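Colleague: Please find one structure pasted underneath; my questions will follow.
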Amino acid sequence: MDNPPPTGVAPRHLPPGSVHTGKVTASLSHRRPDSVQDAPPAPVPHRAHGRLREVPHIAGLVLGVFAVACLLWSLSPALRFLTGPPRRFVDDYYFDAPDTNVMWALIVGLLAGAIASRKRIAWWLLVGYLTLFAVANGLRFAAEQNINALVAMIVQVGVVGLLIAAWPEFYTRVRRGAGWKALGVLVGGLAIGCLLGWGLVEVFPGSLPPGWQRPGWAVYRVTAAILVENEHFGGHPRPFVNVLLGLFGAIALLAAVLTLLRSQRAANAMTGLDESAIRGLLEHSDVEDSLGYFATRRDKAVVFAPSGKAAVTYRVELGVCLASGDPVGVREAWPHAIDAWLRLADRFGWTPAVMGASEEGATAYRRAGLSALRLGDEAVLDTRDFSLAGPELRQVRQAANRLRKQGVRVRIRRHREIPSAEFEQIMARADAWRDTETERGFSMALGRLGDPLDADCLLVEAVAADDRVLGMLSLVPWGRTGVSLELMRRDPQGPNGVMELMISQLALNSEQFGITRVSLNFAVFRSVFEEGGRIGAGPVLRLWRGVLLFFSRWWQLEALYRSNVKYQPDWVPRFFLFEERRQLPRVAVASALAEGFLPRLGKDPDASAHTGAQSAVPDTLTGLHADGSPPDWPKPDLLDSGPRRPEQVRVRMAKLDRMTAAGVDAYPVAYPPTHTVAAARRSPRGTTVRVCGRLLRIRDYGGVVFALLRDWSDDIQLVIDRERVGAARSAEFGEYFDLGDLIEVSGQIGRSRSGELSLLAADWRMLGKCLHPLPDKWKGLADPEARVRQRYVDMAINPETRDVLAKRSAVVRSLRESLNSWGYLEVETPILQQVHGGANATPFTTHINAYDLDLYLRIAPELYLKRLCVGGMEKVFELGRTFRNEGVDFSHNPEFTILEAYEAHSDYIRMMHTCRVLIQNAALAANGSMVAMRPGADGALEPVDISGDWPVKTVHGAVSAAVGTEITPRTGVAELRELCDRVGVPYQHGWDEGQIVLEMYEHLVEARTEEPTFYVDFPTSVSPLTRAHRSTPGVTERWDLVAWGVELGTAYSELTDPVEQRRRLTEQSVLAANGDPEAMELDEDFLQALEHAMPPTGGLGMGVDRIVMLITGRSIRETLPFPLVKPR
């Protein structure tokens, strides 16, 4: 029966003689599929869903048990004797059960498998056979009045009726194959078997009389002629002769079946068009799978998604439709390709399974209803990180160095660079060095070394000093920057270490070939070998490891793991997927057959040539080549592959296309304006100016067009008078320009008829076409989240946003100028740091590949600035970015700007004055006076005077006032806990006095502070970098500046005693080791610098973003141009 294409796939037959050569001429297009094809597919509806859905399984089971019984009593005389009476009864009335016939046992067994697989042709055979048997029983009853025949007829009629009722459950087809060839093999095999059997009967005739009965007996037993009975003969030969005669027939039938199966596989394997399409999908895929290129293996079949944008390659073994790796093609079309594959398997009664899927592919298959099992891990080398240095790669380094000393070198070439004559020698070496009779691999091997279409593959060879090749690797492309190992060979007589040398040199020299990833071997059940060998592994795990070690004697399971782990690769999981657990044994055997771990009857499938007779390529794919070369598809249109555009955007893009077609450059080169808008507005009437800006409003009154133009400085009205510029030019403005466009306008300053100051436009040109419409002209961006995400739009239409950013710039400039005027030197210290210190905060971590070193993004520049103080800088400051992995709210952002300044021969009192003056100067620069903006009762911002001195309060005094009970640095932990319980302040039981007081301060004092206030003298335990107070024990010389519930800055009298500093940082490092993410680590470099002596120093730290918040009255998200936001 013909093999129909999967749903939605039109068959395409190759013209005669064009399978291996010649190219198909087609339109060079890759048509976009209809939206219906891109819709998510419905789950595959198995048609075995009726009330009688179990009939095929039950019938197949009964026939299977009967076939096994036939085989057993055919081989065992004792069993044949014991089962004689019931066997003869069944043989007479229900089903042929010859006493000794292996051929008949095989026939019934094949029928059982076909019935269980719901094959329609098997249904016809079984129903026809049972019908004939029932008719024979009916005739026998009519002639002999045999009640057993009547009962048997009724049973057979009932079974036939049940099978007819279950007809819809037998829906699977048989693939096209060489039926006549298989029939010829069967007839020829039976003929030879009959001749051999005749000779055998003549030698061992037993009681058979001479003449026609001896050859007749041979034909009867070899062909399993069920219409002939033993009673037709005058005797019988020796019993072992019957077994051999049945075996002759079974061998002939088995040869015919294998011929049919091989022809089915070859006829339905990949065609040149299929391979061409797969190569195109690999080039245009948005997913790079290390096993993707193996989809071009030619003994596989392929099924495409209806759109042609994805495909699944597979092979059928033992009724298992075994897919290999992930689907090929665009990820969005994977579900459609998987759906087509499952429907195909359902149509032919195959059991679907997947070998070697990645985590992403396994997820797609699981969504289609399959179950996943982790099969093992793939070893992947990232060549950018690979180095032979370090103890982990000692074994590889020593092996490679030993061979290099012997003069062995490594040669790496693309296949295209190798002459064909040399490739013949390479293929001969590969065959000679193969350690198995057949080439292993299905999902991770090509099986066609030297094919011209694999020109981009890499060949790595180890060459001895005498030019003798000692080993070789062949690797296939993996996306654009990777290669995947396909073949590995070494000379059995060569030295050890050849593989280590080739792989290490490939990784070290990968850059010249544009390679960043190398996929090595696949380690089956890697976790079992790794974890099962550890101390403390459980008995089940150890037993499972022992079983794998036992089978490793033949299949090299552990050897593959050991050979890969020495390179310290990244282990990427691979998965095995199946439909039902009861199918696992058959699926496992089919997988072992496909991968070459089990011997196969007959020849292996041909993986080097295109043997398929019918292409599975859908009509949506054109420009394919019958020789399998990549198709003539154009490069993907990046605009088409982008996001779906709203209608207004599409309209503007169409307008852009019209402008381009008309020769108008929508994005021209720069030509500076003569005036800003603000300068133009100040110019006398009649002055000719050229200004640039964004169009924010257009009003067309027919004869005259009014528009509003805005640049950073101001707005101005444009007047475009048709009488002045001409009708064509005026119409062009309305045709091409939209709100949001950037425009350059030339003309004279004048006034409109209503007296409004305007620019009377004489000429203009587009500076930048805006492809998105602007928000509502009155409300702007009303959503605060949108204002943050689209800050550029908010700035374009909202003057307040521009004003805040301008004030931020003024604040930063004022801080820098004030410090410069006082003699401070500005420096830059590292942002990437090996030790996080300078503050108690959780850091961000990163990694530098060059040194294979974990680093932190700095939480403070303090420790580096103090080293500069040790070096002699008496006044130094840094204004830069700092990063802390903490919360995001009104006043916190993960990255922020900090100002730290240090002055020698100063203290925290001096820095208090410095801080106040810096903030007041910044307010003056931003607001024009020493005021901070605060929301009033109606929500509008109102100025608050911050000039003059600010209050100063001790921490303990402020907390005492808040709780109504006096506390001092000498107050004990128990009393502080009672106070916390009374006022509702949370605390941890491991905290000391200082930590509890700090928690009370943050909840009761800091959060309730309004006008700027300095809180001084913090507990020593929470100030590890601060000098002890000169007169009050238990506290340090530190202050925090707080205004309206927000901490603005802090300052210390710096701790310069290196011994005390080491003690405090050691305490912090202990906390860090105990899991405190905010505790500082021990910085030996800083401590060593401090031991060289640092002068008494005052240090100041200020959050610049919070200073801007204070001065502008805005949140931190409003004062930053681009605060961090969650991804959409």
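Residue numbers in this text run from 1 along the chain shown.
Note: Cβ is positioned from N, Cα and C throughout, glycine not excepted.
Taken from Swiss-Prot, the feature Mg(2+) 1 binding site covers D1040, E1047. Positions annotated as Mg(2+) 2 binding site by Swiss-Prot: E1047. Annotated compositional bias 'Basic and acidic residues' per Swiss-Prot: 634-644, in sequence order. Annotation source Swiss-Prot lists region 'Disordered' at 1-47, 619-644. Positions annotated as region 'Phosphatidylglycerol lysyltransferase' by Swiss-Prot: 1-632. Marked as region 'Lysine--tRNA ligase' by Swiss-Prot: 633-1128.
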Colleague: Based on DSSP, name the secondary structure state of D1040 (Mg(2+) 1 binding site): helix, strand or coil.
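Modeller: Its secondary structure by DSSP: strand.
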Colleague: Counting only residues 6+ away in sequence within the same chain, which have a CB under 8 Å from the CB of E1047 (Mg(2+) 1 binding site)?
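Modeller: Spatial neighbours, sequence-distant, of E1047 (Mg(2+) 1 binding site): E1006, D1040, L1041, G1103, R1106.
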Colleague: Within 10 Å of the Cβ of D1040 (Mg(2+) 1 binding site), how many other Cβ atoms can be counted across all chains shown?
Modeller: 20
Colleague: Averaging the per-residue pLDDT over the region 'Phosphatidylglycerol lysyltransferase' (1-632), what integer do you get?
Modeller: 76
